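To start, the structure itself, in structure tokens.
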Amino acid sequence: MGDVVQMHFSTVDYVIFVVLLVASAGIGLYYAFSGGRQRTTQEFLLADRSMRCLPVSLSLLATFQSAVAILGAPSEIYTHGTQYWFLGCSYFLGLLIPAHIFIPVFYRLRLSSAYQYLELRFSKSVRICGTMTFIFQMVIYMGVVLYAPALALNAVTGFDLWGAVLAIGLVCTLYTALGGLKAVIWTDVFQTIVMFAGQLAVIIVGTHQAGGIAEVWRKAQNGSRISGLDLNPDPLERHTFWTLGVGGIFLMLALYGVNQAQVQRYLCSRTEKEAIMSCYAVFPCQQIVLTLGCLMGLVMYARYGEESPLDQGYVKSNDQMVLYFVMDVLRDLPGLPGLFVACLFSGALSTISSAFNSLATVTMEDLIKPHVRPMTEARATLLSKMLALAYGLVCLAMAYIASLMGSVLQAALSIFGMVGGPLLGLFCLGMFFPWANSTGALVGLASGLVMAFWIGIGSFVSRMSASVPPVINATVIPDVGNMTTAVMTTLITSKPRSILLITNLIQALYSLSYMWYSAHNSATVVVVGLLVSFLTGPWKEKDLNPGTIYPVLGNLLFFLPERYREKLCCVTPLEDNVSHLNSTKQNPVSNTAFLLPL
């Protein structure tokens, strides 16, 4: 194939890239100077709760379809085969559960921030801890998700590194700070179309050059890249049907159930039914995105076989390998490389714009409004815009810090996945278990975070010497592989049996498939939270704010007599709870925090 040529881009490619930025900025400016002109926090942060199903669903899809995922999935398929496609099996329950459990609870409480729920259910301290955890998660993530694809692009094509980072960061900050959530959602729609177009262009041209889809499939089968159904139940195996299809459900719940960036989109829907339908509409879109990633990986294999650009020394990492393939396939077609770059940075734009907007919302609703004297609507809106602007600048600062991280870059990206599990556990603890109290919630969250960082960072450090890094996905963290080395074996064979057992247990935790991290960490929060709650005095359903409990246990234990179910768990239907809440308090829930149990 020859060495990488650093001057792949033509003037047409740069023009397409600039058009993407101008169009995105134009949408933001349109919503800044039309309609209500973003003069209220309701319009700026929640789009006046007036959005339709289709734009919300495409925005839900785009938010976590980051540039890192666009580069990660094809290289995963190229390297390990199509087993990764079974992740699609988790999408069904991973979107059905948010649609019928989380959305009804959040929407009927008329929240602005998901973390307002934590105060209504537990206490102000739990709300603040949840909010700070989310801010920590998103601030680190958004800088890395902007820098990582720009670095890969620069390494393969010579595309100006900081020019790309600054252009994307500043344009995104501009339209988010001026146009609010409406601008973010409609730019997401535009960017989703660009993402699909860029990936389709590469697949169509690559398939044609390989001799057709039948030839691509034949080569992939001959190379053992078409995987069958692996029903191995071992949780230490990196990818099996169970790790992807079941473990993936908890990853989806952490993203589409309780993450503020997604919850905000549900809350901006015109009706609860439209919010639920937008969640349904994400399902086929997610399947298409996954299929495109798989197809691109198979077309890559048809082109290079076992002689990957990584093994040949043309590139230094898997994400660079995908870009090298794109430039190789499209080198004689001016404009198409630019389209893929636009596709790549559409992923980055949609992710970080959602981060800015959701961070501005939680900072305003959870950290500022409850702790300062009431301010005028104009002042609150201006402050919200300043927060969005400030987070945009923080993102650029984090991108610079990411440039100094080196090999720690992958671990920083993993923090997103590490923190998602404990936050999911915290919401599940509150929503499904009426006995859980605020002390249990705080201790449970702390335990879940400690467990998440212990396993996540420990496994990463253990893998630092590994020669081939695993796939990086926006919604998941790297796998941990088998950590047992010859050195450790020598050290532990001479130790007593009890220490040997503990050491083996720790090794097993470090070897846990990364797809189970979210399930394991959320379960830790729930179990520890319930234990502490029972030790410190469990709460009763009648003492809780109406509408904060979903009677999932009552529904599951339908076969028990009602008097036993009342003793064991919540049995009041959500509709009855919320109708009681609305009949006693007509004002939005955000103004009722003082009514919480102490």
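Cβ from N, Cα, C; glycine included.
Because TrEMBL annotations are produced automatically, they should be read as predictions rather than curated entries.
Feature annotations, reproduced from TrEMBL:
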TRANSMEM  14-33  transmembrane segment
TRANSMEM  53-72  transmembrane segment
TRANSMEM  84-107  transmembrane segment
TRANSMEM  161-181  transmembrane segment
TRANSMEM  193-214  transmembrane segment
TRANSMEM  239-258  transmembrane segment
TRANSMEM  279-302  transmembrane segment
TRANSMEM  339-362  transmembrane segment
TRANSMEM  382-402  transmembrane segment
TRANSMEM  408-433  transmembrane segment
TRANSMEM  440-461  transmembrane segment
TRANSMEM  514-535  transmembrane segment
Which of 14-33, 84-107, 193-214, 440-461 contacts the transmembrane segment (53-72) most, counting Cβ pairs under 8 Å: 193-214
Contact between the transmembrane segment (339-362) and the transmembrane segment (382-402) (at least 3 Cβ pairs under 8 Å, separation 6+): yes
Intrachain residues whose Cβ lies under 8 Å of the transmembrane segment (14-33), provided they are six or more past its termini: 167-168, 171-172, 174-176, 178-180, 182-183, 186-187, 190-191, 194, 335, 338-339, 341-342, 345-346, 349
Stretch-level contact, the transmembrane segment (84-107) and the transmembrane segment (382-402), CB cutoff 8 A, at least 3 pairs: no
Close approaches to the transmembrane segment (440-461) from elsewhere in its chain (Cβ under 8 angstroms; 6 or more beyond its ends): 118, 122, 125-126, 129-130, 133, 410-411, 414-415, 417-419, 421-423, 425-426, 429-430, 477-478, 480, 483, 506, 509-512, 517, 520-522, 524-534, 536
